[in-house]
């Protein structure tokens, strides 16, 4: 689940055990997802691709009813649960990756043939995650987040290495669509926000935002088809106002309902305009209502700024 902040810092939110694998770019092409109309898509026959010839094959990845299956990591979290609910409402099949199966069954009270629970802990390495994701998942949505405590390395175990483990698991299963729920201000120092109270507060917990930023960099250099969503402060109440979407390293304040964050993540599956982009989102009462095609299409990607190059995962 994503980390909730005290009310006085409501404008922002926060979110290793295994050694990192050597990176192998995935230069795949993908198409927008549709739960109603199964499509074939290209996958590599070899997940490692260590200088070998690249070949392609088509494969259908769907649930028992022919619906596209999406793996959600952190499915019982406050944001993850909403993502699962919205995926099911849109006609997707969902494989919910959770650490506690009993909690998952109580979190989702009604049995649904399109919802499957699998045990998945992002800190336990990519091999176990690959088995959890399976060969029937078409995309992965990561909505995990560490729980604040005395373990200052927890953000790196979950928000950094845990996210990297998920990317590596996707490679092993030839999954080439990855959507990450991150946070605004992850690159706050480069934005001139190093004295922003929220930036300081979130980094008190083991440099949380630095951990998230470096995980983002790993995703962007991996070659996987990504959408990185950076929400403002997360609210549990229903949406108020319309979604405002800006390019990376733009927003440093603002809030948004978790329902809207989930909606953006799910809509990214159906809009190719979201591919290979980092977007920042908040909600504003005075913002005009815009389609997601327009919102995603308005974002122009730009070169990454690395403030802490010595933390690079490369």
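In case you wondered, yes, glycine gets a Cβ from its N, Cα and C as well.
Note: TrEMBL annotation is automatic and uncurated.
Checking the ranges 48-67, 68-87, 88-107 against TrEMBL, the region 'Disordered' annotation falls on 48-67.
Model confidence over the domain 'NAD(P)-binding' (74-272) is summarised by a mean pLDDT of 94.
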